[in-house]
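Notes for the one structure printed next.
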Amino acid sequence: MAKDIKFNIDARDELKKGVDELANAVKVTLGPKGRNVIIEKKFGAPHITKDGVTVAKEVELADAFQNTGAQLVKSVASKTGDDAGDGTTTATVLAQSIVGVGLKNVTAGANPMDLKRGIDKAVAKVVESIKSQAEMVGDNYDKIEQVAAVSANNDPTIGKLIADAMRKVSKDGVITIEEAKGTDTTIGVVEGMQFDRGYLSAYFVTDTEKMECVMEHPYILIYDKKISNLKDFLPILEPAVQSGRPLLVIAEDVDSEALTTLVVNRLRSQLKICAVKAPGFGDRRKAMLEDIAVLTGGIVISEEKGLKLEQATLEMLGTCDKVTVSKDNTTIVNGAGAKENIQERINQIKAEIKNTTSDYDKEKLQERLAKLSGGVAVLYVGAASEVEMKEKKDRVDDALCATRAAIEEGIVPGGGVAYIRASEALEGLKGDNEDETTGIEIIKRAIEEPLRQIVANAGKEGAVVVQKVREGKGDFGYNARTDVYENLHAAGVVDPAKVTRVALENAASIAGMFLTTECVIVEKKEDKPEMPMGAPGMGGMGGMM
């Protein structure tokens, strides 16, 4: 396949055109007065969104050189979204500014490597300042609500929903987003630990109306192999039955012979018993059984530990306040495990989350963490039309991610003010040479850009507002939603520090690569010959009877 190659200023100019095309489409969504972008879909209604990364993902340019530039900035937006969950539009605006001003200087003869060094120096200083401005959220759910509301494009109802969901399942809990059947947005909470395995036989059901097996204060037997013959099972079954308490059996599987015996006993002697399969597969199954054991204060009966089923005693069984088993799910509420053991297990899973690189593993570990630390909340997003539903779901997702980032690294004043305050840290900062100092000035100018854009989207003059905010101190800034200058912290206009930091770091990283690019290679478009026309005279079959 033949390639097209461009060098120096030609290459950089084409890349910049692509950057501008993408950034101009994305930046109109920034801030409380951000505009909508309508995206045509091949099938169904067009998608209306204010989510920067959704817009960025849709941009594909016809010119290969320009498209390369656009794709690079798209990667800034995506990476910021992945790392911090929000701030995609801010990162795009910052990248556009650094690239734009930087290229002017490179064209005027500045050394790109020195510019990059200056940019990196300035970014390090700004990041330091952002960290020092950050205020930890702790257990203050009012602040959590503010962050969520701002990220959901200033929708206080979404902010309240997310804060309520976090109250119910703790900050470590898993919160998932699903589409509601009606127009209302509501929260559903599954308390305790739930896993997706139901009863092995419908004869275990105690509540025939709901088709559920409900047990109060049951013993819980956790076994990591298949229960195939009853002989091994009887030594633990008999004392459990004599105690008069129900018994929940969690095992890899229960053979038909053993299952039949359990069912017959259940029906004849009203033996309160239920058997379910263990959740998960392979190593994940072992880990989940261990989680259940820690939560209920029991032990996993496993031959790996030198324990056989016939050696099991009542002391090895877990217990809890209540178990509900349906056709598809088992829920364990208020396990009797020791608090410190559960906390230790939670810390262990958190450490695994930090160390894993796979998104899939991270998601699964996060689920396990939630099940141990309080439960799972589901936000059911409702809207009047499918188009509105998609747009609202985007915003709820943004808000949820931003809230998690705020819990991690704290909050800073929103509305681009954190960057303006951070620029004070650049006063008097000099590079080792003139070009490095220019690099520092590029960042100083770029970090004003988010505020300028927020103001421009609100229909005001950016330069005037930036000057006024710069004259203020601390949390003083411009609230674009209400069009007043005030203490943004008090007004609830706050951003997660992590989002602010990650957006700048990623933007500067890609922009630095741009400035030091000397050659771009793309695939040459081949002109395909047009399809030949059909043979003449085939238009009709005239004259045939």
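Positions of Cβ are set from backbone N, Cα and C atoms, glycine also.
Going by what Swiss-Prot states, the ATP site holds THR29, LEU30, GLY31, PRO32, ASP86, GLY87, THR88, THR89, THR90, GLY415, ASP495, and the candidate of LYS6, LYS50, LYS393, LYS473 recorded there is LYS50. THR29 (ATP binding site): 24 other CB atoms within 10 A of its CB, across all protein chains. A simple way to gauge crowding: the CB of THR89 (ATP binding site) has 28 other CB atoms within 10 angstroms, across all the protein chains here. Other Cβ atoms within 10 Å of the Cβ of GLY415 (ATP binding site), summed over all protein chains shown, number 27.
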